[in-house]
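Participant: Handing you this structure, nothing more for now.
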Amino acid sequence: MVKMVACDLSVLEFWATMTPTTKEVDFEILPFIRVYKDGSVERLEGSPFAPPTPDQDPETGVSSKDITISENPSVSARLYLPKLTDHTQNQKLPILVYFHGGGFCIESAFGSIYHRYLNNLVSQVHVLAISVEYRLAPEHFLPAAYEDSWAALQWVASQSAGNDKEPWLINNGDFGRIFIGGDSAGANIVHNMAMRAGVESLPCGVKILGAYLVHPYFFSSKAYGSESKEGHEKSLPHVVWDFLYPSATGSVDNPMLNPEGPGAPSLTGIGCDRMLVCVAGKDELIKERGVWYFEIMRKSGWKGEIELFEVEEESHIFHIFNIESENAKAMVKRLASFIFK
């Protein structure tokens, strides 16, 4: 006979808490991400998913929707269309292809932080935006994010053919005014997309008019400015890159991160006409690298126009988190003047 034993639920819950569940950590970059030896990944930072608003955002009037660019690999994007009036209904809008930040390993184009930021940006600047959802490390090490971003840029350019394509882009986008922009890791993507566009033609002869880099992520094995020479290889930008791109030739001197590293292609061939580089005075990690990038581009022999915009009293990507601040509003105005120059 089997003896049935009654057990209080609270007792079961107690023993459940006593069951060993701790997983062994393989690698972590605090406070951003933790990778366990069983291959699982825990993202410690990042905003929650925010749905698109196809019937207009109640605060900005901006409409948004999600589209699939590629099934395999998985590449998608969120499109943003500003509120159109009788006066602007038939006007073609500049197109901004945007790449979010997050160190290539956290955040999303569909996260609440970037959804709010793009809603505000599109409303204020009056552009049609495509925010790209690229694959993240460590599930997909670099160069996956670069390949996804290039696929998205190609997809945007291909819409200019107008054959059974995305109606928002066809009806409202000006393919003669395509801009690419991004913050932090996304700004690094911007540089690399512009470089690739200078070598490989985009579909339908589409060109990138301008590139907008906010607090860009660049680095090198040689310390620059106030960066410490001692322990330079243990600094966060160095450690993060080696984690993100373990197969990168030259480590942090890979041309994707160090545009003037060994074997880097000439910057004179970068595929856009104008650039705007933004830095923040209190961005201790990479502010100087933004200035460094501006200087090497300015001295490269590239025939385009480049401008530097600094907000002295702010920190890294402050404009994403504090869109209502006066300095964030000033950045939006600066971007608008850059696009409509």
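Every residue, even glycine, has its Cβ placed from backbone N, Cα and C.
Below are the features listed in TrEMBL for this protein:
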type: DOMAIN; residues: 96-319; note: domain 'Alpha/beta hydrolase fold-3'
type: REGION; residues: 46-67; note: region 'Disordered'
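Each of these features: where is it, how hidden is it, and who are its neighbours?
Facilitator: Residues 76-83, 102, 106-108, 110-116, 118-120, 122-123, 166, 168 of the same chain lie 6+ residues outside the region 'Disordered' (46-67) yet bring a C-beta within less than 8 angstroms of a C-beta in it.
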Participant: Taking DSSP states H, G and I as helix and E and B as strand, how many residues of the region 'Disordered' (46-67) are helix, strand and coil?
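Facilitator: Taking the region 'Disordered' (46-67) as a whole: 0 helix, 6 strand, 16 coil.
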